[in-house]
């Protein structure tokens, strides 16, 4: 074979060792040059060509690139090279003595010519398919160029030009053209952007316009790094996402795979169920026959009679010796869809590709120790080796290291961008699932928990994707390293292997425990975030009740459990750090000791020692990373399990409501039975039958908890359908009982994604009575509404919600009590202009839940609900014509009601009189009065709450645009992370402890470095070099001394690192506790203005993601950073010690390193900060979406909201992607500097003729580490800055301004204060925030003890401001409030707030027991709680639910009706029963009877108390002692209502006149 090949090569061997190695220059054989150097580059092209053509053809999105000078040049030079190759073949054929056997020249020339022809065609083919760069062609030209260098110098040295000038010239023309092609392929084609470039539009991702070399070296992001160096980057400076990473492409791919897995699992489970049922069926038949046979035998053997039991006790088939399976315990286990499998199926190929690149990098690592061995051998035998070999070895270090850098960074880039795509897909899946999750499944997961899945778990899965390669890479590196060590040291390596194997069970134990702790910690984290979310949602109530401390303790109790687990994890991590930091050294020590003691001459030479040490250093990285990677993978595994469980949870049944257009009825339910909760004894709705034709107005009435809202929800498909059918013909608009408002402008809330038709829009505003409100808002309809509508009153929110429905122009309108939150005259206006038979919706089908009896005569049909069933259905006339439940209910209400706010309207009074007349004729009684209530609404629209924007603009005036902005964009710090942030973390750890941690690790590093120096001294000891003395005692003693000291240094390292690990781990847990506690302490003490202007998602983000970083990421990052930092310093020290001339390049390289680092750091730091600020809106939008999920589904807007969420995610990922690429940019360049250090160390070793082998080995060993250490140093420095930003963000919220002290020990009010309830306002002025106008302007008045005061006034008069300044939710600017002789500003806030009682307008409840909601501090006895519930008319309900007082209230009280929530709030008020009671529109959401009950309870239970009632309807306060009329922040009138009514000049008289009372 070899002979034939030599003949093929014209009798030239392919390889000749002596020709290459024993020559003054590296000379290769002619055969090698004519085969290998041509076949390898061309082989690359031909092998990859079929795959590449397939890839090009599969790309359908490419836009052809126009023919231009650039692609023409590439084509021309390729064609020219083809002609040169053909000329060369012709020249061979025309030679005087041509080769007769068609030898290598023809074959190689043909291959080369064909390859050039293919490249010519490929250039144009790529152009036509829109490809701007080609990795295949670039690598081809690069290989061809590198291969051409050998013939290049060979032809010059052998002076070919003297014998064959033509070939000589032809080759150099060929080489020049190859070089030109390489340069041309270094650049990318310019591609025109699809479509038009809009002004202000972001540029497309520069990665898509980058050439292959630019992509590999990350040069395409140069411009961003430059820009970041010149200025602080802003979001607008960034580019679009690469289309590969865009959610438009990513999300559908994952969705398709996940839905396919769910369908497949469902089919498998159905098959399992079918087989099980079949088996059970036949088993049952057999069992029944056996039992029948057994009973017959018994009957025969006994005196059986008709009285004999058919089944006697104990008579089972077992007695017949037959046992059967198929019991409940044997039910088949259902298969579940695996998220992990779906992720691997979807993204496995990309992950595999990154693994291939990483595997190449891993294997290339082992080339350096081979070169090191050769270099040490060269330095020890200089005289017999040519100099060029030393320089080739030195250059080899650099070339191999550069190739490794390319492979490493590009593989990491692929895996990190893949992680980003997985995160995007998972967030989208969670978002969609949260929009479709069933009510049953929703009970298991709260908003806080789902936000946690998005913020923490998705991030963990993303992070673990970037490090997943370690699971196979570590074993690969360890295996290859051990093999090479075996080749060098023989069987001694098994001693080191034994040490590693002994450590494996410890690692397995740590991993198992860490996984267990991780799962426990995540559960506690969910609980904490859930509670935090509720606290933020109900913060106003907490402050009014002075309950912050109770909830602070609850949060801290969960946090303490979390920290206990963290502490246990920290101890395990400390042991892991100790074991795996010492492991490489112990392995080295065991191997060297065994080798020295077992070898014949007991000698360890420099070549063996330092090549082995280099291999051990390669081992060190995978071994050291394992303790960090295993917890990462465990966290990822746990997170995937949690995500998988949530994504598998049941959805709302989309088939619950059918939409058949052929049915005559627009809304139809046949025999419907529905439920919210499987645990309740009865379904929520039972035996529901409805048939509503087009254009009808249907009223739904009933008491609190009777099922009115549930009926509406069932029509929306929100309840689980047990039986029956629902059909809705046409589109739906829904107005929920609690208005759902987006954090957007008023206009955006009304349009709700529809195109604005100005005329229609204006008509809707008029019909919904919104124009007067818009006139007083700062920016009109462009005013931004705060989170949850914070700067609108209840009535305004409800009318915006109604306007949204009206504007949508749907076919069916489901109106869940929209009139409860508005004044009577506004309600009348809305009914007439919108809902009624003359209104905008007169031709639409309307279902109206209402408590207003006066609307009922104007409806077409009335549905009466009672305990989940329809008790009566009919027109108004039908229902009042017979003495049924409806008639009795109306009569009871109208005869015993205590005076209605709606009696303000004479027309309504007339309607009620008519109703009573009809009732009298039906029931035959006449004991009625005309002073009854109708709907107890609170008129929330007349109070513009909390925010100054709604009260300081009564006059119409032009306001600057920035005033319209309520929620400021989240602040991102700029510039360097301040030293104060690092000091804050150091302070949290402990100042002295931090210093001690650094000193201890420095001690470890000194011991580590000295052990390496000691090894070099050992191998270079001249006495030990004389092997003839190996049997002498002195030789043995010297060896033992070196070995003993080497071992002693190992023990010292072990002890030091254990102390370091324990100190570091435990103190960082303490730091996490401190930082969380400080932020929580400060947040709970922040004034209400902070919560009004800060979205809760932003605060939750601090408590979830940022605390997660401080808990888990920052400690490990800090430890690894310290290791890298001291590793870099020690490398420079060792190389300088080995070869002092190296110091010449240390300074310029250090300066260059510093410059590159500073150049990059500004960009990276700012990108990380912007990334944090763009993360919060994702969670804020998500929380907002979940709250309004039913509205979004009803309007069919799910897709639009999903797109909005994906846009927010993409916006965040652009910044993450840029930061990651900037990291790679820096890593590549710093590794280049590291590679120069390796090159310099190797060249200086070649130049220094007097250097010992041990010192050469030492310097190269440490130099080889520098590239990897610098690489990790870059990442860890960046990660440290990234993670320390979390401390910065937590620190920011730990230092926000707080309200006054809760308790002032030396200024406590007397016990029992206030004992009478006297209130004095002295010249009181206040405003919502500094810089805004006063909302109260000099209030002077006295409220006597026990007085009942009504506070009235038009919108913006200052009524709510007066009530909240009493509780000091906003502070007085000047003046005083004195209660029973005590100036309220002199005492603590809790002393004040716990001494006054409020019944607020928003019934806020918290998840937890009913008992906790009533009495969070556990200060009342159980009988007191039951008394309060009894008076609040809730005792019957609470006694019937499971657990009674321990009944679990859902998040926000979601499993109670709004009315029931208000009654729970009343029970709280009754428990406190202080001398002063403030009623703030407390009866908005309850029915007539419940309203009456609340009013009666307050009159009896608080008859001796001072009562301040904010009223919008005058009838409620006509029997009060005095009325305070406020106007524009001043008291206009303050007197008895009768006196004010009699004085025609008073504002009160004019208000009463407007209301029809005079």
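Placement of Cβ uses the backbone N, Cα and C atoms for every residue, glycine included.
Automatic prediction, not curation, is the source of TrEMBL annotations.
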- Look up transmembrane segment in TrEMBL and report which of 543-570, 571-598, 655-682 it refers to. 571-598
- Look up transmembrane segment in TrEMBL and report which of 69-90, 201-222 it refers to. 69-90
- Would you mind telling me which of 1196-1213, 1214-1231, 1232-1249, 1250-1267 TrEMBL tags as transmembrane segment? 1232-1249
- Of 165-184, 225-244, the range TrEMBL tags as transmembrane segment is 165-184
- Message: Need the matching range: TrEMBL marks transmembrane segment on one of 1041-1063, 1064-1086, 1087-1109, 1271-1293, and I'd like to know which.
- Response: 1041-1063
- Segment-segment contact (the transmembrane segment (69-90); the transmembrane segment (165-184)) at 3 or more Cβ pairs under 8 Å: yes
- Does the transmembrane segment (391-411) come near the transmembrane segment (342-361), with 3+ Cβ pairs under 8 Å (pairs 6 or more apart)? yes
- Task: Please indicate, using numbers and ranges, the residues of the same chain that are 6 or more beyond the transmembrane segment (492-512) and have a C-beta under 8 Å from a C-beta there.
- Result: 478, 482, 485-486, 572-573, 575-576, 579-580, 583, 586-588, 590-595, 598-599, 623, 626-627, 630-631, 634
- Leading contact stretch, 352-635, 667-892, 1319-1553 vs the domain 'ABC transmembrane type-1' (995-1282) - CB distance under 8 Å: 352-635
- Message: With pairs fewer than 6 apart in sequence excluded, do the transmembrane segment (342-361) and the transmembrane segment (165-184) have three or more C-beta pairs that lie under 8 Å?
- Response: no
- So are the transmembrane segment (135-153) and the transmembrane segment (342-361) touching or not, going by 3+ C-beta pairs under 8 A with a sequence gap of 6 or more? no
- Note on the structure: Looking only at the domain 'ABC transporter' (1319-1553), mean pLDDT returns 82
- Message: Counting only residues 6 or more past its boundaries, what in the same chain has a CB within less than 8 Å of a CB in the transmembrane segment (342-361)?
- Response: 253-254, 257-258, 261, 404, 407-408, 410-412, 414-415, 418, 421-422, 425, 465, 468-469, 472-473, 476, 640
- In the same chain, which residue numbers or ranges, 6 or more beyond the ends of the transmembrane segment (106-123), come under 8 angstroms Cβ to Cβ? 34-35, 38-39, 41-42, 45-46, 49, 52, 71, 74-75, 78-79, 81-82, 85-86, 88-89, 92-93, 99, 134, 136-137, 140, 181
